[in-house]
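Per Swiss-Prot, the features are:
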- 14-241: domain 'Phosphagen kinase C-terminal' (DOMAIN)
- 17-21, Arg112, 163-167, 194-199: ATP binding site (BINDING)
Amino acid sequence: MNNWIHTSLDNSDIVLSSRIRLARNLSNFTYPHKISIEEGRKIVETIEKVLQNEESKYKVYRLWEMDPLDRVTYLEKYLISSKLILNNEKGAFITNEDETVSLMINEEDHIRLQCITNGFNLEEAYKCAEDLDDLIEENLDYAFDENLGYMTACPTNLGTGLRASVMIHLPTLTMNREINKIFSGLTQIGMTIRGIYGEGSKVVGNLFQVSNQLTLGLSEEEVINNLKAVVYQIINQEKLAREKIMKMHKYRIEDKVYRALGILNSAVLLDSEECLKLLSYVRLGVEMDIIKDVSKKVLNELTISIQPAMIQRIFNSKLTEEARQLKRAELVKRKLKNSI
């Protein structure tokens, strides 16, 4: 699989990444929110041992041994969740070298296994998750009920325990406010759309996460195919909206795109929300072939690297808010200059 952030493949039109997440629990332990720190760390050791023969592939990060800032950088890279950080005294995660796989331990469930790849490639992500899940299940007993399927802390994950999602760029549907209808429609068919950091996260930069909401009574194939059908419809709506807006407001759109690029290339201070909004207009310009000398790879990298914790890690310094804005503007200018 290809890491969506750093891939040089330029085929990720509208859909930036695809993710498959499996929720699993061990049969001989209670759920993470009820276990002690000692029990939680025992679970971490138990899962580590299963993958010890795969040491060349995976690295273990124990949150209680990590600097708080480093924890947040992995959140900003979509490798862990805010819930795992809250469980930092007994939480850990395992990832591979190219960071396309992340196995969270003691988040809401004992295991939250996720595989992320670039573009609209849900089947590829599922194959990756399935292979690692099979390896773990060969060595550990999962909590499983013949009628309900995989047992999970939250009832919405019962059954396959599978959550399929895509990160999708919908600037035009946001501009014409059609996105509100999509929000409403998805809820009615058991899907959800939210910010890119999942439940409770704010939508910024016109980037959304679309995923299934229920798993009970559905096979893995049905969950994936249902989501694919919905995402194809959203993609078509976004493309039609782009065609329409270019016919009616061509110069206004071009002005927004080039104005955004101009600000990014010259700003002295940039806050993260403004930066993501401007990057969205530039991405739209690239996707619509208005801008030809900026790569999607650079835009993807900037989407992550301009985040508050990432900026501080890149410059290896604890920064004030104004200092972060200054370094963010500096980083953006440098990356765009080298983008051609």
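Note that Cβ sites are derived from N, Cα and C of the backbone, with glycine treated the same way.
Annotated features taken from Swiss-Prot, shown on the structure.
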residue: Ser17; record: ATP binding site; DSSP (3 states): strand
residue: Arg163; record: ATP binding site; DSSP (3 states): strand
residue: Gly195; record: ATP binding site; DSSP (3 states): coil
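When other Cβ atoms within 10 Å of the Cβ of Val166 (ATP binding site) are tallied across all protein chains shown, the result is 25. Over the domain 'Phosphagen kinase C-terminal' (14-241) the predicted model carries a mean pLDDT of 93. The Cβ of Gly195 (ATP binding site) lies under 8 Å from the Cβ of Ser201, Lys202, Val203, Val204, Leu207, Phe208, Gln209, each on the same chain and at least six residues away in sequence. Remark: Ile20 (ATP binding site) has Gln114, Cys115, Leu122, Ala125, Tyr126, Cys128, Ala129, Leu162, Arg163, Ala164, Ile224 as non-local neighbours, by Cβ distance under 8 Å and separation of at least 6 in sequence.
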